[in-house]
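These features come from Swiss-Prot:
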BINDING   357, 381, 390  S-adenosyl-L-methionine binding site
COMPBIAS  44-56  compositional bias 'Basic and acidic residues'
COMPBIAS  59-73  compositional bias 'Polar residues'
REGION    41-73  region 'Disordered'
TRANSIT   1-47  transit peptide
């Protein structure tokens, strides 16, 4: 009531001033109309709260023993994952330089020859290597799930190291690395277990690489040789190392599908060829070049993929004849004359070997001498005039699959 009186007096005082006070009066009136609320003591309030909680459904609480038991089960399940994989691995800590050190050294040919180790990257190469019997020494991986991709018995004796994917990406030569890098003992072609499907389709066809120095070309040539069913690939001294990482990537596992024998002298090349094998040369010589003379340039294609010392050469159908003023010298170059024929003519009716020369240095004189000794020929692939020689990998693929076709047709006629 006192509040109402104060509001009325205030309204009377402010009314002459022209101010509105209806809102204040109504507020006080509403305050008088409220129903009183019973005030509960603290004890009664606590008793009502307990009654409400008593009416709620009770949920069983885990005892301390049950809590410890459940934690033990979770820990046991985490520990059983390692025995399920049947091998242990270690996690590389930040600052671990084992990956960078091993990868850097393994990319060196001197290290590969001295320590007998090679670097393989990617699931495909690792799988082919393990299936062929290659010995895995160290495996770097970025995810534990990757270990399930390989047979457990092949990983038991290896050193397994889990590293960050960013580290693999830094040291990988691949644009999109898969997170797998392995260090293997350098495989021996005599101890490798080649796939049964590969050996079943092997033909009496060999490939000799002479001065192939481009890693991509050599890898592609090895892949073509495996696809054509060659029984072996011989690499003479001067070729790029077959276990170079770029060669391995371009080969797509061909190293583990057929014997690849490296660093051979021409004197021992015939020891790796079966008796009666004819040697044919992939040559850029064309019959329409008869009696054309010119200075020998550094391009092998200018004189039929045959690399010689710079001097003038007379190119004829019978062969390459030197017209140098130094003919009377003791070191006069002898280039054997070999018959030339088109690659699609009949030439692969018996065991044969094809020699592919590099694009820069071409065929060596030793290859011509070997072909002459085995009654071989020069095989040329017709191309449009004034076009440079074909890529060595392309020429190899054309001749290999043509040889495969002719050998298979001969075998069908005999059967």
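From the backbone N, Cα and C atoms, a Cβ is placed for every residue, glycine too.
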Number of other Cβ atoms within 10 Å of the Cβ of residue 381 (S-adenosyl-L-methionine binding site) across all protein chains: 18
Of 357, 390 (the binding-site residues), the residue whose Cβ has the fewest other Cβ atoms within 10 Å: 390
DSSP-derived class (H/G/I helix, E/B strand, else coil) of residue 357 (S-adenosyl-L-methionine binding site): strand
Site extent for S-adenosyl-L-methionine, whole Å (max Cα pair distance, 357, 381, 390): 14
